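Accompanying notes for the structure given below.
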Amino acid sequence: MSAHTISADAALHRDEADLGHLPYWVRKYRVLERRGLSPTAAILLAIAGGAGYLQVCPNEFLVMLVFGTTMVEFVRRMDQGIPLLQITALLAVLQWLVGPSITYFTNVAHGRYFMYVVESYYFQFALPATAAYCIALLMLGSSPRQKLLIQAMDRRQFVRIGFILAAIGVACFYAAGKAPGGLQFALFLASQLRYVGALYFLFSYHRYRYLFAIACCSQLFITSSESGMFHDLIIWLMMIFTFWFAQWKWRLDQKLLCITFAFLFVFVIQAIKQDYREKRMAGMEVTITGEVARLMSNSEPVLEGEILPLATARLNQGWIISAVLANVPFKEPYANGETVIEAIKSSALPRFLAPDKKMAGGQENFRRFTGLPIENGTSMGISPLGEAFANFGIHGGILFMGLFGAFFALFYNFVLLHVVKHPDFLFWVPLIFYQGIKAETELVVVMNQLVKGAVICFGGYWGLRHFVMPYYRPFLGTPAAVGGQPAESDATV
């Protein structure tokens, strides 16, 4: 067996407690899995992308090939560690390819959420661009071996850290509502430290760790139920669940059962949320459980009623992308990189240095590149795939999506290098990327999230280690990070 095929299970049989004493390059090799995509999967994605560009095969077959390939890669990583890049690729395939396929081949559409161009024109761009994105994302990305990292962590202070992060998150949550626009987004990101705290609780030794973790997420449930907006709820529950799931080795049938339940959960949320939101806005008494019960008791067949069109409309980001393809360059000229440069500048400069930078929400780009109206209070982005075409057309857009996937993967690798030195920083990783993994998010939001999320996480972790808990040790059997002696275990706090 070559060095590149040493499995995580084999590594776990070594002395994890000595991981902190190993040289950095050895530790890096042991805790990071470099092969994010098998050669067979890369070839299949490339074939699907090429055939889609040439339009020589049925598009529904090519879409299922891309979906099946990314799903296999996701299933392979589910019990190894947080499969963040695989989730990102899978969400992109679902929203850019699977959703449009359902709309094209079933004629299921709701309102204006239909496809604005013919099938061949849409998939001639969407298939190769999505394939290029997934290949770059998964081939260049790494995956953490979570079980090895968890075994090596000194978890005695996790409950204390969890309480500290939860308190900071709650304080930032209430402060964000009173802060000016430039500071509001940073405080909003910092408020998500509650969920990082939930992960510390989840992996602590405390007998009430699950109760503490649920308490950290309580505000997430309350906010989602009050606003009728469930994106953050779904994303954070998915992230936290993947951490919990990767503690053990699972059989294939168990993995598929979990995925089935996850799809059903998301389908139900998508099916009820519009009615739920409208009733909330009308001042009616309504509960999520009540809406779910009403959905389950509905005798109308899913294929004949409004349930499937509504759920498909939520899944299908392609209707917006198709509107971009119908409008650019015929009515709106190519932007030639304008929105990409704007996204980079926006992420690098705070608002007080660039007061005219674009506001989040996507309304400006939506109106400009789709030619469709949208209310100012409605957030609706054209997605990275839509921006790729709006800026560079078919060929340049395909190339851009490959480069964007490479950038995302390499940025993720950069963050994981810090995890090699500080294994519990793994719990902070979702806070950096949780907006970026969504396929409908605009480039300016993705870049803002990555840059500002990284600043908050790296800065927050450094402050925690050096000022709040200088005695905290990252690895078992290693000296304290700064000085002093570690406190007693918090397992019985």
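Using the three backbone atoms N, Cα and C, a Cβ is placed for every residue, glycine included.
Residues 62, 65-66, 69-70, 72-73, 85-86, 123-124, 126-132, 134-135, 137-143, 398, 409 of the same chain sit 6 or more residues outside the transmembrane segment (36-54) yet have a Cβ under 8 Å from a Cβ within it. As annotated by TrEMBL, transmembrane segment applies to 36-54 (among others).
With a threshold of 8 Å between CB atoms, the same-chain residues lying at least 6 positions outside the transmembrane segment (87-109) that come near it are 59-60, 63, 66-67, 70-71, 73-74, 115, 119, 122-123, 126-127, 130, 133-134, 137-138, 238, 242, 308-309, 312-313, 315-319, 321-322, 383, 385, 408, 433, 436-440. Among the features that TrEMBL reports, transmembrane segment is placed at 87-109 (among others).
Among the features that TrEMBL reports, transmembrane segment is placed at 121-140 (among others).
Residues 184, 187-188, 190-198, 200-201, 204, 212, 215-216, 219, 424, 460, 464, 468-469, 472 of the same chain lie 6 or more positions beyond the ends of the transmembrane segment (161-177) yet place their CB under 8 Å from a CB of it. Residues annotated as transmembrane segment in TrEMBL: 161-177 (among others).
Marked as transmembrane segment by TrEMBL: 183-203 (among others).
Among the features that TrEMBL reports, transmembrane segment is placed at 229-248 (among others).
According to TrEMBL, the feature transmembrane segment maps to 254-272 (among others).
Residues or ranges marked as transmembrane segment in TrEMBL: 398-420 (among others). Counting residues 6+ beyond its ends, the transmembrane segment (398-420) has Cβ neighbours under 8 Å at 24, 27-28, 31-32, 36, 49, 53, 84-85, 88, 125, 128-130, 132-142, 144, 149, 340, 384-385, 388, 391-392, 426, 429, 432-433, 436, 450, 454, 458 in the same chain.
If you look at the transmembrane segment (443-464), the same-chain residues 6 or more away from its ends with a CB under 8 A from one of its CBs are 161, 164, 168, 185-186, 189-190, 193, 339-340, 342-344, 346-348, 358, 360, 362, 381, 384, 387, 411, 415, 418, 422, 425, 428-429, 431-436, 472. Per TrEMBL, transmembrane segment is recorded for 443-464 (among others).
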Of 121-140, 183-203, 229-248, whichever stretch has the most CB pairs under 8 A to the transmembrane segment (254-272): 229-248
Other parts of the chain folded back onto the transmembrane segment (229-248), taken as Cβ under 8 Å at six or more residues beyond its ends: 78-83, 87, 146-147, 150, 192, 195, 198-199, 202-203, 213, 217, 220-221, 223, 258, 262, 266, 269, 273, 277, 427, 430, 434, 437-438
Cβ contacts under 8 Å made by the transmembrane segment (183-203) with residues that lie 6+ beyond its boundaries: 150, 153, 155, 158-159, 161-166, 168-170, 172-173, 175-176, 209-210, 212-214, 216-217, 219-220, 236, 239-240, 243-244, 360, 424, 427-428, 430-431, 434, 448-449, 452-453, 456, 460
